[in-house]
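Participant: Got a structure for you, questions after.
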Amino acid sequence: MESRVLLRATATVTGVPQLRRPIRAINRHFSTASSSFTAFAKPIGSIGEGGNLISGRQLRPVLLLDSSPEKREILKPVRAAAAEGGDSAGETNVGFLGKYPWLVTGFFFFMWYFLNVIFNILNKKIYNYFPYPYFVSVIHLFVGVVYCLVSWSVGLPKRAPINSDILKVLIPVAVCHAIGHVTSNVSFAAVAVSFTHTIKALEPFFNASASQFLLGQPIPITLWLSLAPVVLGVAMASLTELSFNWLGFISAMISNISFTYRSIFSKKAMTDMDSTNVYAYISIIALFVCLPPAIIVEGPQLLKHGFNDAIAKVGMTKFISDLFWVGMFYHLYNQLATNTLERVAPLTHAVGNVLKRVFVIGFSIVIFGNKISTQTGIGTGIAIAGVALYSVIKAKIEEEKRVSSSLFIVSFL
């Protein structure tokens, strides 16, 4: 990446051989050219023309042409490529995955969908013989935390240091994550998986409401209109859902609210830490948040007959194996969702998230043989279509804001 930036930067100077000029001479060159900075900045400001404006910031030629040993090592392949006329740049040996990055992205999407579907199916099967969502939620997080600790111990990834300031901004995110996770599982245990995911399709509505009324960020009318079919679809599906009960419905709604606040706090908790380490720390904090309610609400029942009943139904080995794997699938699919977001544009990820929900609803109906009424099926379809429309519009609006912001910075420079 850095070599590509350097190649772009050198296009704005008279030629690559100038890299060998002493730094003092280069400084004198740029000081004498300060009066014509505007004319000089114009041709390098356009990214489309190979300019050196990256993420709205102009790279400084003096820094790029530093004579430090590290920079000289970086500049070697640049000079070599230029000496060969630049033709060898396209012939550089890159790995198979480097030539076909879409294969890696496709693999991330496939594993994200696959692990999410497997998690939802196994999770519901556990609740069919072990209906203790608070305890199972703790197991989800506990297995993930153990996985993170083992990964850190072998340096994959290297553990990022944390201090009190980072901890303060991560705690609200983790608390909302814990509440949303537990209430989602309460809903999964109480009603059909397909119905819970239909209700959770309302999450964009809560996000828009929070942005408009809590954060004071105006939401375009087009976004509000795209949410109308979501609300209508969920209402239609709820009225005729055969597995409907208020515990499942209210729990899923609380989950939507919790994840909305998680998004709000996440925007305030931006750190330099990579996403894998951030999610690991959030999982650790959320585990401590979920543990006390699980002990208070379900502890006595578990000790009295919960564990014994589950073991009597499926056996000790299957019971422990199911809990372990459901925890692994939960952690891995969430981690892959984050990694996928880093690889694709927001619009692609938004559409992928909608399709993921479609896959989960479809597979859960097939696997568990859930009977749904015609109105429930139509309502679910309308709700998912509304979420898709909302996601596309929102992603396009964010992209337009980003582009306009970049253009403003270019014109300012």
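Just so it is clear, glycine is given a Cβ too, placed from its N, Cα and C backbone atoms.
Copied straight from TrEMBL:
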- 104-391: domain 'Sugar phosphate transporter' (DOMAIN)
- 100-122: transmembrane segment (TRANSMEM)
- 134-154: transmembrane segment (TRANSMEM)
- 166-193: transmembrane segment (TRANSMEM)
- 214-238: transmembrane segment (TRANSMEM)
- 244-265: transmembrane segment (TRANSMEM)
- 277-296: transmembrane segment (TRANSMEM)
- 316-333: transmembrane segment (TRANSMEM)
- 354-370: transmembrane segment (TRANSMEM)
- 376-393: transmembrane segment (TRANSMEM)
Participant: Could you pull out which residues elsewhere in the chain have a CB under 8 Å from any CB of the transmembrane segment (100-122), counting only those six or more residues past its ends?
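Facilitator: The answer is 188, 193, 197, 322, 325-326, 329-330, 332-333, 336-337, 339-340, 343-344, 352, 355-356, 359-360, 363-364, 367-368.
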Participant: So which of 166-193, 244-265, 376-393 has the most C-beta pairs under 8 Å when paired with the transmembrane segment (214-238)?
Facilitator: 376-393
Participant: For the domain 'Sugar phosphate transporter' (104-391), report the average pLDDT of the model, please.
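Facilitator: For the domain 'Sugar phosphate transporter' (104-391), the model's average pLDDT rounds to 88.
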